[in-house]
Amino acid sequence: MSLVYLLIAILVIMAMILLMSKRRALAKYAGYIALVAPVISSIYFLIQIPSVAKLQYLSTSIPWIKTLDINLDLRLDGLSLMFSLIISLIGIAVFFYATQYLSSRKDNLPRFYFYLTLFMFSMIGIVLSDNTILMYIFWELTSVSSFLLISYWYNNGDSQFGAIQSFMITVFGGLALLVGFIMLYIMTGTNNITEILGQADHIKNHGLFIPMIFMFLLGAFTKSAQFPFHIWLPRAMAAPTPVSAYLHSATMVKAGIFLLLRFTPLLGLSNMYVYIVTFVGLITMLFGSITALKQWDLKGILAYSTISQLGMIMAMVGIGGGYAQHQQDAIASIYVFVLFGALFHLMNHAIFKCALFMGVGILDHEAGSRDIRILSGMRQLFPKMNLVMTIAALSMAGVPFLNGFLSKEMFLDALTQTGQLSQFSLISMIAIVFVGVIASVFTFTYALYMVKEVFWTKYDSKVFTKKNIHEPWLFSLPSLILMVLVPVIFFVPNIFGKGIIVLALRAVSGGNHQIDQLAPHVSQWHGFNIPLLLTIIIILLGSVLAIKVDWKKVFT
């Protein structure tokens, strides 16, 4: 099946959902019709793995505006395959979760599922685009669809403000990105991304190269909520929880990271790009992890944790970007290791963050609160969510035997190796390691503190008075499945590493097939080394800060 047919199939499903809005008797089934979209796309992309592994990439080109080289160019390579699988598979969990979260009596289900399917369609469009203008159209379509989803409960003032703010910031970044794309067209005479990357050596010597990089960074930083453009993401928490789960784990906030990865063979030719992305990522990681401790709302904690985790991934994308300059050098393996870690953590983050948001949604839906000052001792009322959120939070913190531990170790290892790279001095490496470790300590602290306050404290019936609490199995099922994946990936990481991530690395490297030999083999044990020592320090300090310090009083 052609890539075009897949997109058409999703559009047909969206049309069916719209038609259901005309008949109230059918409206309650809108979620199950919408669920077909991520199921179809997941099956489609899973089937394509063997072909992509054999370098048999799918591509489609339909002429549109020939004089401006604006065509419907689609391409499925390793990078777009990995992102498409994350979008689609997490989409199945989110769409099913939404069928249990929303009520046909209170909510306009066809409208919600139309918006949600449009959101998925837009993200798949971004990652499949092989034409800059087509990518821009899908890029802004994610801003439009997220605006519609955040403002879904439009009678809520917070929803209105959050939707407008996110739209204004991300559209501003999108316009900057469009300027960058136009600059690329001026420099190359083409909008085809594959052809543009093939002219990287020519572009780097052009006078518009540096201005183009700044335009790209504005687009990426606004979309992926990097400091100081992060302010829209916490406000977006006014959206229904299924939207938050999808937006934070697999969709819009990952678009900026995808953009930089897609153009790494070009952008990485500039040391300035490497510096800016690395340090903005680390600053964002530190800021997000500290600010998360100030929040009482569970969604607020997770929002700032997403900002922090995106900063961590962004920092690795920046460090690894230098590979474009050193593909044949002895240090090439370090850059590849860092890029592998970025992609690995991007996948891990999608899993544990989606599980966390689903857990918070169930608590809010059944208990009627997300306030950690009210919720206490919830483990006896929500035993399944206690398990889900504890495991997912500890994975985010980087605790051993969970998937987040492996990618966090790769992050720390990457920081300690920056001193061997031409872009960084010894002083830079020390600063990078210091900021990364401090941010990781606070990440461990807020993750452990969150589950401690909600689940492990004493249940107080005087504070929490709601009765008849229940924890439906179908409602809990998606988060339980995601929870199971967390330790599974720890024990069999190379199934995903060799089967998916290496395929993505081929695209990030600009089609260098030697990347297969440079890609690391993920091991659970590397012996006693500096990253392990840093991990022990992070766990010890984070545990003390989470258990001994009452952060509710600190920030009161």
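Cβ coordinates come from backbone N, Cα and C, glycine included.
According to TrEMBL, the protein has these features:
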DOMAIN    65-113  domain 'NADH-Ubiquinone oxidoreductase (complex I) chain 5 N-terminal'
DOMAIN    129-432  domain 'NADH:quinone oxidoreductase/Mrp antiporter transmembrane'
TRANSMEM  6-22  transmembrane segment
TRANSMEM  112-128  transmembrane segment
TRANSMEM  134-154  transmembrane segment
TRANSMEM  166-188  transmembrane segment
TRANSMEM  208-233  transmembrane segment
TRANSMEM  245-266  transmembrane segment
TRANSMEM  272-293  transmembrane segment
TRANSMEM  300-324  transmembrane segment
TRANSMEM  330-348  transmembrane segment
TRANSMEM  387-406  transmembrane segment
TRANSMEM  472-496  transmembrane segment
TRANSMEM  528-547  transmembrane segment
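Residues 93-94, 96-97, 100-101, 344, 347-348, 351-352, 354-355, 358-359, 362, 365, 384-385, 387-388, 391-392, 395, 401-406, 521-522, 524 of the same chain sit 6 or more residues outside the transmembrane segment (472-496) yet have a Cβ under 8 Å from a Cβ within it. Nonlocal intrachain contacts for the transmembrane segment (134-154), taken as residues 6+ away from its ends with a CB within less than 8 angstroms of a stretch CB, comprise 70-74, 111-112, 115-116, 118-119, 121-123, 125-126, 160, 162-164, 166-167, 170-171, 174, 177-178, 181, 193, 219, 223, 236, 238-240, 243, 247, 251-252, 255. When Cβ-Cβ distances under 8 Å to the transmembrane segment (208-233) are tallied for each of 166-188, 245-266, 272-293, 330-348, the top count falls to 166-188. With Cβ pairs under 8 Å as the measure, the transmembrane segment (300-324) is packed most heavily against 272-293, out of 112-128, 245-266, 272-293, 330-348, 387-406. Between the transmembrane segment (245-266) and the transmembrane segment (330-348) there are 3 or more Cβ pairs closer than 8 Å, counting only residues 6 or more apart in sequence, so the two stretches are in contact. Sorting the domain 'NADH-Ubiquinone oxidoreductase (complex I) chain 5 N-terminal' (65-113) by DSSP state (H, G, I as helix; E, B as strand; all else coil) yields 32 helix, 8 strand, 9 coil.
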